[in-house]
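Undergrad: As annotated by TrEMBL, transmembrane segment applies to 12-30, 42-63, 69-91, 114-134, 163-185, 206-230.
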Amino acid sequence: MQLCQAVGRSSLYGLGIRLAFYLQWFGALAAEYIEIADMCDVRLLGLLLSAATLLGLVAQLAAARLAPIDVYIALLLVTGLYLPLAPLWLWKAATRCHARYDPLRWSRETPSPAYRGFDFALLLALASLGTWFWTSRVSGDDDECRGAHVGFFFAPVPLGNRLFVAFHALLYIATMLVCAGIMLVKAGWRIPVWEERRRRRKTRRLHIALVQDVKAFVKLAVLATLTAAVEMTIVWNRIPDVNDVADAAQMIPLVVVIGIMRPDGAMPRRAVL
């Protein structure tokens, strides 16, 4: 039973690390909405935070057996970079990739090929680790450990609950399938049903602004829910020693994020309609 108890892993999800993630999430959303010029720096910051946390999680899993709740919380933090995109891709699929209703179309940000490659590699690594965790680790734990912790689904849910496990496993497996689809498209494969229409119409600025506003609201709702999931999971499981900023491991990511996210006089490019 001692192995199943949450002892608190401040090196994975201490308060300083969590605040750094939250500031980056909501700062990136605000920068995207008002079209701040330094958007790429904010995006890269989130990518590095998520990559560092994922590498730390893998290292601790290799060195010692973490409690399932530790892995669960760390995965929640890392998925903050990608989870807000899930409803947008569902929206894109529901409209059959129609360019007029594509929520990802009118971004002025142009990531470099190196950034795109790093981003895709991180997503694939996250999906692989998440699939392993939910299909092998959680479902393979003994009954005592499975009932020791609770996760978040707008209410406390036992981490070993079959529906809870199945939902997360399917989410990560679907992510791996999306990654496979992206690789096929990059290799030259095309989806006939979703081919972009050749007939183009001029899109009004008011329509673009409406789509961008809805996209921002969807992302905000997902990020707020994800923040609540992390914090409520810590509260419900009474995890100790993760709610203070007492060492350099907590201060460094927080100070770096604050330094990069500080206002520097950059003018927004979003037009007022």
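Glycine is treated like the rest: Cβ placed from N, Cα and C.
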Undergrad: Under 8 angstroms, Cβ to Cβ: which one of 42-63, 114-134, 206-230 has the largest number of such pairs with the transmembrane segment (12-30)?
TA: 42-63
Undergrad: Should anything in the same chain at least six residues away from the transmembrane segment (163-185) have a Cβ under 8 Å from its Cβ atoms, list it; otherwise answer none.
TA: 82, 86, 89, 120, 123-124, 126-128, 130-131, 134-135, 138-139, 151, 153, 157, 191
Undergrad: Does the transmembrane segment (42-63) reach the transmembrane segment (206-230), going by 3 or more CB pairs under 8 Å (6 or more apart in sequence)?
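TA: They are not in contact.
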